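S.K.: Submitted below is the structure of interest, expressed as structure tokens.
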Amino acid sequence: MKQVGRFDGKAVYEYELHNDSGMKVTALNYGATLTGIYTPDRHGEIENVLLKYDDYKKYEKNDGYIGSLVGRTSGRTKHGVFHVDGLRAEVDKNDGNNHLHGGNKGLSHVFWDVEEKGHELIFTYKSPDGEGGYPGNVAIKVTYTLTEKNQFVVTYHATTDTTTPINLTQHAYFRLSGTKTKSILHHELMLNSNYFYTIDSESLPVAKTSVEEHPAFDFRKPKLLKKAIYEKDDQITLASGGIDHPFVLNDGEIAAVLMEKESGRRMTIRTDDEAIVIYTGNMLLEGTKMNTKPVFQHGAICLETQQIPNHIDLVLVKPDEEYKKVTTFTFDTVEDE
């Protein structure tokens with residue numbers, strides 16, 4: 001643990017997890033923010049495969065949610081309004097006329113308590129009733145675990161004293177090539193998904209749609225991301241020149257596989273969430289220095305396991321229930337063909 005700054009008079013610490021294979025994970029107590037996943041390529045060279053601000057001060061505002069733990073709900077909520085048990089709740093409108101990623105002071109922008117326990121970092125936070133407009137006092141625990149099998153496991157757990165929506169995710173930006181390339185266009189993506197949600201002009205999910213109707217969104221077989229991003233599709237245009245869409249996951253052990261052939265790095269995702277939002281860095285702040293170099297559009301990809309955004313009725317948690325989700329990211333390498 002080392003101090004890397006101060007936000008609003010409070011100390012910001014960066015914590016580390018290591019395993020015997022040389023893999024390392026780093027995270028902040030602010031926003032439970034991931035700042036690094038360091039993993040070897042096929043030649044054994046270890047690099048950070050996450051986007052990371054060079055200047056830690058930028059994490060205080062962090063409009064792009066770089067590496068953040070997002071909630072109480074992830075994604076957009078239309079007009080920042082929903083109803084629970086017949087009562088109207090109004091949450092922050094921090095994305096035009098809509099609510100995004102828990103609002104102005106969501107879980108991504110608060111200080112968490114952190115316990116270091118072996119190969120685990122345990123983050124806890126008590127979100128008070130009314131925070132961001134959300135009903136209920138919610139106790140949240142998120143555990144980051146690094147295994148000897150090069151698995152990074154995120155376990156989400158929450159309880160509430162009032163029925164309230166909870167839909168958490170990790171907003172890490174991945175580039176498996178590290179600093180060797182500027183973009184993820186030559187990454188291959190496979191998704192275990194037959195359906196995705198189209199979006200409207202405000203990036204709100206609209207309709208569950210077969211990927212066969214929009215070939216750009218068909219990742220049932222591994223496909224280079226540039227082939228999807230450069231496809232002529234109105235949905236690509238609406239998302240500012242890329243993908244920013246929820247995909248409904250099929251039943252099965254594997255949810256997604258991301259691979260970069262030059263480095264040989266491969267990441268396999270398993271989750272008990274029902275969906276994954278793919279965001280191809282369409283709105284990254286170009287020129288911002290990350291990993292010692294300026295970042296550009298499509299400079300990284302987010303694979304956010306969660307429930308479908310803006311479906312509040314499907315993510316309500318009652319006082320006698322527990323919210324628990326687990327997502328595992330497994331890192332390995334493939335040989336050069």
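The backbone N, Cα and C atoms fix where each Cβ goes, and this holds for glycine too.
So TrEMBL says this about it:
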{"type": "BINDING", "residues": "H171, A172, Y173, D244", "note": "beta-D-galactose binding site"}
{"type": "ACT_SITE", "residues": "H171", "note": "active site, proton donor"}
{"type": "ACT_SITE", "residues": "E304", "note": "active site, proton acceptor"}
S.K.: Give me the sequence-ordered set of same-chain residues, not including H171, A172, Y173, D244, with a C-beta within 8 angstroms of the centroid of the beta-D-galactose site's C-beta atoms.
M.R.: G64, Y65, I66, F174, Y279, G281, A300, I301, C302, L303, E304
S.K.: For the beta-D-galactose binding site, please report the maximum Cα-Cα distance among H171, A172, Y173, D244 in Å.
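M.R.: Max Cα-Cα spread across the beta-D-galactose binders: 14 Å.
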S.K.: Just to be sure I understand the packing, how many Cβ atoms besides its own are within 10 Å of the Cβ of Y173 (beta-D-galactose binding site)?
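M.R.: That number is 24.
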S.K.: Taking the recorded positions one at a time (H171, A172, E304), which has its Cβ surrounded by the most other Cβ atoms within 10 Å?
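M.R.: Buried the deepest by this measure is A172.
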S.K.: Taking DSSP as the reference, which of helix, strand or coil describes E304 (active site, proton acceptor)?
M.R.: strand
S.K.: Between A172 (beta-D-galactose binding site) and the residue listed as 'active site, proton acceptor', how far is it from one CA atom to the other, in Å?
M.R.: 8
S.K.: Relative to the Cβ of D244 (beta-D-galactose binding site), which residues of the same chain, six or more apart in sequence, are found under 8 Å away?
M.R.: I199, S203, V277, I278, Y279, T280, N282
S.K.: Between Y173 (beta-D-galactose binding site) and the residue listed as 'active site, proton acceptor', how far is it from one CA atom to the other, in Å?
M.R.: 10
